[in-house]
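Q: Shown below is the structure under consideration.
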Amino acid sequence: MGLAACEPKEASLKASKFRVLIFVRLIAFTLFVIWRISHRNPDALWLWVTSIAGEFWFGFSWLLDQLPKLNPINRVPDLAVLRQRFDRADGTSRLPGLDIFVTTADPFKEPILSTANSVLSILAADYPVERNTCYLSDDSGMLLTYEAMAEAAKFATVWVPFCRKHGIEPRGPESYFELKSHPYMGRSQEDFVNDRRRVRKEYDEFKARINGLEHDIKQRSDAHNAARGLKDGQPRATWMADGTQWEGTWVEPAENHRKGDHAGIVQVLVNHPSHSRQLGPPASADNPLDFSMVDVRLPMLVYVSREKRPGFNHEKKAGAMNALTRCSAVLTNSPFILNLDCDHYINNSQALRAGICFMLGRDSDTVAFVQFPQRFEGVDPTDLYANHNRIFFDGTLRALDGMQGPIYVGTGCLFRRVTLYGFDPPRINVGGPCFPSLGGMFAKARYEKPGLEMTTKAAVAKGKHGFLPLPRKAYGKSEAFVDSIPRASHPSPFAAAAAVVADEATISEAVAVTTAAYEKKTGWGSNIGWVYGTVTEDVVTGYRMHIKGWRSRYCSIYPHAFIGTAPINLTERLYQVLRWSTGSLEIFFSRNNPLFGSTFLHPLQRVAYINITTYPFTAIFLIFYTTVPALSFVTGHFIVQRPTTMFYVYLAIVLGTLLILAVLEVKWAGVTVFEWFRNGQFWMTASCSAYLAAVCQVLVKVVFRRDISFKLTSKQPAGDEKKDPYADLYVVRWTWLMVTPIIIILVNIVGSAVAFAKVVDGEWTHWLKVAGGVFFNFWVLFHLYPFAKGILGRHGKTPVVVLVWWAFTFVITAVLYINIPHIHGPGGKHAHGGAMGRHAHHHAGNNKFQEIYGWP
């Protein structure tokens, strides 16, 4: 009996239609391009050549996007079977251990209350308590984060039993108490109401303590420093509540105590629980909450701040994840790892079990990771900047499940630990369910997982490294860490978990493996762990696993597994996309280019990776297609000079099949037409700004060997959330990324106005000759409408304002053209020579993969 099943859901019929339409459109596009090549425009040869190049690219990028979707599959975890196989009648479980990594870098840009809610939701998740450990990585090294986690651990003693007693969903307290209705799932309505009222009071007090921590820490530190009689100029330490100096970053930075220069810290905030259930106390005068029938144990919680020193490249998030991997191996060494951003909380308490289903089911030992879709709250109802990105998550990633599996896209991903250590899969079949025969064709060898009977001496005699796929020195100098690797590769990861002893020696070893110099002359960041050298370490790390022959799975459940926050401010959103697109291009120009990946990579999986690493190049051609047609009204030279009947036929087939394909994909992915269109709108904005900037930055990096730096995306709203939860949407923060879209808007308005003026002035006598071009100009403006609302700030709340500004610019341009003689020559009508060509364009697609074609 399997733990995950594929939903048929007419999938084969839809896939057949999808494949036929792709084939028909490919033929029509080929004929279209042949017609374009054979019908030159001698009056503007440069225009003809560049437009042909653009059409080739748009067709190629469309094909890269569609080919990996030839075999879409919906996989559903079977939680009932999982419970039947692994949960015992006495309340214990045989489920494997799970280490959950939460990463944060700045408690001011990433609200500390959000991080605390993420940790609380993890502690309250429905997973065996003794097999669930939460690690918080704090790259800022600030006492504020540590004490916030200590407060969260105290509140968890109330919140977690409350969730277990009443089946609370979601498990993040902030989101739960914001719900308008609270469906009851426990035993007694009155008991629930009283408990909820009490826990709500506790949570409000917890929030007040969190919000006051910064002031309390400063006040406490000032008192300690004053008592020591420090003189001016002497370092002023930051003090913990127990009267000891904080080893990390101080409030007033000093040598060895500032960001980028502080000691490593590992603190166990909640010790590893016992293996037997521990019931709570009954209700009393001091404690009105009755937990006498509830297991009150808490999962282990560990605070980690890796050492940072000047002169070392700490590799941002990827370095933090690798440090957590080593630290967790020394402490708990669970066979599976889940990583979450600090703004993501567990929305569905069954999420961890759902992911594990894909790791323990039939033929699952070749699955390297399980990727969950990213879901967001706090996004404006119209999703102005396509933050939900449903087309990518529910369309592209889900479709890849029919090949080798979805790509790794950061947060919400469950890993098999040994895949991070460079292990090969026990066997390889790159063909997948779509093309199983490709496994034998492309796989050069089949690997077998090492058995426990292998001794180190026997393995060395065979020329191997014991249980290790790489030499011991590649993993670093910690013997304790290296010795933990064979245990993580145990063929039965759900065997009984050993008790975790977090004594002084173990903690010291955990600190040692997080030092700044530990990775020097090792394989970390190249062959082991998260890969360095790009800001999108997630994509390239998953790619390195796929080229070894590992597979991945896509897990989408309802209610959604994890929910996070997204930047709804235009500037922050553009910087976020700039970071993603720059990272994709960095992969393309590195040794991890998917063009040169191993033959263990499924052919269509390779196509998907080529797509994800080349899509920003679309900006180069899109800038041309969104400006030159409008300028053609001024110059009189057009892309297509004299279209024929066959041109219209080919174009109609190309556009018609494109729309039908979009409808099929939207229907299969379960998204709305509005979401599909909104994705297309933001794709236009991103292509004209962030994608173009990414291309320029990466080319500068490649040519001049200059590093690219990025600022952390702020999740702290700048507006007044109390009065308007979407206030940050209307805050204007000007950036150079906005320049190109503004120019494109002005060019298209001016081009349309000039065309209108030429017809009114009698220079052009037929409206039909310019209708197609004017329609395309307005099509471009319509796609940039969300961007125009964004740059107007609070005035953008009223959509009419945007239209008024566009109309005003249009009318002024037309009037100036007609009334200034030297622009168009005296007397209204005048010859520009020859018949006027016609043109237009079409664009369709999703957030990252689009297409544009000319029409007359």
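Glycine is no exception: its Cβ is also placed from the backbone N, Cα and C atoms.
Values in this document were obtained by computation on a predicted structure and should not be read as measured data.
OK, TrEMBL features for this one:
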- ASP139: active site (ACT_SITE)
- ASP538: active site (ACT_SITE)
- LYS109, GLU110, ASP139, LYS316: UDP-alpha-D-glucose binding site (BINDING)
- LYS317, ASP341: Mn(2+) binding site (BINDING)
- 20-38: transmembrane segment (TRANSMEM)
- 45-64: transmembrane segment (TRANSMEM)
- 615-640: transmembrane segment (TRANSMEM)
- 647-670: transmembrane segment (TRANSMEM)
- 682-704: transmembrane segment (TRANSMEM)
- 731-755: transmembrane segment (TRANSMEM)
- 767-788: transmembrane segment (TRANSMEM)
- 800-820: transmembrane segment (TRANSMEM)
Q: Would you kindly check 45-64, 615-640, 647-670, 682-704 and say which stretch has the most C-beta pairs under 8 angstroms to the transmembrane segment (20-38)?
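A: Against the transmembrane segment (20-38), the leading stretch is 647-670.
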Q: CA-CA, which of the recorded positions LYS109, GLU110, ASP538 lies nearest LYS317 (Mn(2+) binding site)?
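A: So, spelling it out, the nearest of the recorded positions is ASP538.
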Q: Measure from the CA atom of ASP341 (Mn(2+) binding site) to the CA atom of GLU110 (UDP-alpha-D-glucose binding site) and give the result in Å, rounded to a whole number.
A: 10
Q: Select the most exposed residue of LYS109, LYS316, where exposure means the fewest other Cβ atoms within 10 Å, treating these as the binding-site residues.
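A: Counting other Cβ atoms within 10 Å of each of the binding-site residues LYS109, LYS316 gives the minimum at LYS109.
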Q: Is it true that the transmembrane segment (682-704) and the transmembrane segment (731-755) have 3 or more Cβ pairs under 8 Å, skipping pairs fewer than 6 apart in sequence?
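A: When sequence-distant Cβ pairs are counted, the transmembrane segment (731-755) touches the transmembrane segment (682-704), since at least 3 lie under 8 Å.
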Q: Measure from the Cβ of ASP341 (Mn(2+) binding site) and count the other Cβ atoms within 10 Å, all protein chains considered.
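A: The answer is 23 other Cβ atoms.
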Q: Are there any residues in the same chain, six or more apart in sequence, whose C-beta is under 8 angstroms from the C-beta of ASP538 (active site), and if so which?
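A: ASP538 (active site) has long-range Cβ partners TYR408, VAL409, GLY410, CYS413, TRP530.
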Q: Measuring Cα to Cα, how many angstrom lie between LYS316 (UDP-alpha-D-glucose binding site) and ASP341 (Mn(2+) binding site)?
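A: Here the two Cα atoms are 13 Å apart.
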Q: For ASP139 (active site), write down the residues of its own chain that are at least 6 apart in sequence and whose Cβ falls under 8 Å from its Cβ; none is a fine answer.
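A: Looking at Cβ-Cβ distances below 8 Å from ASP139 (active site), excluding near sequence neighbours, one finds THR103, THR104, ALA105, ASP106, SER305, ARG306, LYS308, HIS314, LYS316, LYS317, ALA320.
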Q: For the UDP-alpha-D-glucose binding residues given in the record (LYS109, GLU110, ASP139, LYS316), what is the largest pairwise C-alpha separation in angstrom?
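A: The two farthest binding residues have Cα atoms 15 Å apart.
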Q: CB neighbours of LYS317 (Mn(2+) binding site) within 10 A?
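A: Cβ-Cβ neighbours of LYS317 (Mn(2+) binding site) within 10 Å number 20.
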Q: Cα-Cα, whole number of Å: LYS109 (UDP-alpha-D-glucose binding site) versus ASP341 (Mn(2+) binding site)?
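A: Computed Cα spacing between LYS109 (UDP-alpha-D-glucose binding site) and ASP341 (Mn(2+) binding site) is 13 Å.
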